[in-house]
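Participant: One structure, as structure tokens, below. Some questions next.
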């Protein structure tokens with residue numbers, strides 16, 4: 001029994017140490033972001049600022065067009081999440097409830113595209129968007145991301161678990177397929193849809209390579225691309241850099257803490273199904 | 001109700017599928033094929049879609065380009081540095097979290113936080129942590145008597161820095177997958193082992209590890225594939241450069257540089273197809289072994 005308690009203590013110790021290692025970068029970020037400039041570059045480092053400088057956030061916000069970057073990031077996030085939900089709901093319905101010619105072949109081809117790394121698609125997509133005249137416009141940031149095979153797959157699995165008898169009953173009552181989908185299936189699939197939406201929102205907010213390539217003017221940049229530009233301009237003013245980084249990191253951490261049940265579920269399910 | 005495919009159903013299905021297929025077709029399916037062809041274009045005008053010459057030159061070029069081999073080598077070092085360590089650490093943490101402990105949910109939440117944060121923003125935070133003169137990491141190492149390391153400016157330390165950042169960032173994902181795998185193991189096994197007097201390490205070694213092998217295998221493949229695609233971390237950690245003296249140039253950085261830095265679309269496409277080929281091999285292994293492992 002004593003040995004048991006000892007090993008429990010050991011487990012707690014390691015878990016707490018590990019958690020600290022996970023959290024310290026964020027604590028250090030926030031601590032630095034609140035320091036006066038002369039307290040940043042000192043040895044030994046100071047964890048708690050003597051004088052809390054909330055002004056750093058305002059200073060960082062106004063030293064680059066962060067308002068613009070945020071608006072862009074929010075527009076892209078909202079538009080691509082809503083768009084993806086719509087295309088996903090329609091496609092998942094067809095794959096789970098309509099038996100049509102070529103269904104299994106089309107579905108396998110879609111799953112096949114999932115294995116291809118996005119980097120392979122970069123160049124042709126850039127050319128396509130240039131020819132459409134969409135480079136450096138919102139369309140380039142949004143349209144390619146309006147559908148996702150992974151989401152279709154996830155929702156199709158969920159739709160398959162809804163009993164078919166439900167749709168027979170609705171049909172007898174004279175409900176059209178389309179209405180049935182939106183008024184019965186969609187509300188039932190709410191957990192899966194929240195999972196899809198939240199994973200998409202996080203991905204969109206944090207996306208870097210694609211916005212870097214398809215935006216050229218300053219006022220089309222999203223937050224991560226803007227932050228990189230800011231970091232090149234600011235150099236070593238770490239208190240401002242950390243304040244700017246916090247502004248990108250904290251919204252997603254808050255979203256995650258509120259909706260973590262759905263995120264964990266999505267990640268775990270994706271993991272099991274592969 | 002009979003459920004056979006009919007023409008009428010097919011038309012209806014197409015209407016439902018049009019939006020998704022249009023997007024996936026244009027931005028995923030077409031470019032897979034297009035970039036394969038592009039990798040053979042040696043003389044071309046992309047924007048007018050004119051091709052004057054085709055050939056193997058792009059592939060010959062990259063395979064003779066020392067920078068390309070260097071990027072492959074760096075990517076391999078990254079994969080070898082990240083994957084095994086990350087798996088071992090996350091397996092241990094997941095096993096701990098699967099015990100009867102307090103604050104389990106809180107711990108899980110904390111370990112997963114880095115995963116939801118912006119790679120770019122977090123890399124900039126790490127840039128500050130790795131600061132050779134005023135960084136907290138060197139300060140902490142100072143207590144162990146280790147003299148300051150030039151993490152980001154010494155070519156020998158660029159890859160280790162990248163690996164540390166990547167392990168920290170990806171741990172939470174692996175832990176969640178391991179936890180869901182652990183929850184599928186029947187508790188009876190542990191109970192029986194306890195009755196037989198097996199200790200914690202023996203239970204871990206003889207029950208957890210073998211019964212978790214398919215999860216471990218899945219995580220390994222996913223981690224390997226993702227590690228081959230590392231880019232954002234490199235770009236943000238070294239301020240747009242591939243590390244000091246190109247010491248952290250990865251395959252994707254090479255592709256990016258050929259494409260967006262030098263506008264050499266043909267060479268970039270060829271390099272992208274080499275990456276696709278490498279990832280394809282790992283995917284095949286996953287499918288092949290995955291199928292075999294289902295039925296125990």
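Just so it is clear, glycine is given a Cβ too, placed from its N, Cα and C backbone atoms.
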Participant: Of the ranges A:220-239, A:240-259, which one does TrEMBL list as transmembrane segment?
Facilitator: A:240-259
Participant: Transmembrane segment per TrEMBL sits at which of A:39-60, A:105-126?
Facilitator: A:105-126
Participant: Could you check whether the transmembrane segment (A:105-126) packs against the transmembrane segment (A:138-159) - three or more CB pairs closer than 8 Å, residues at least 6 apart in sequence?
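Facilitator: By the criterion, they touch.
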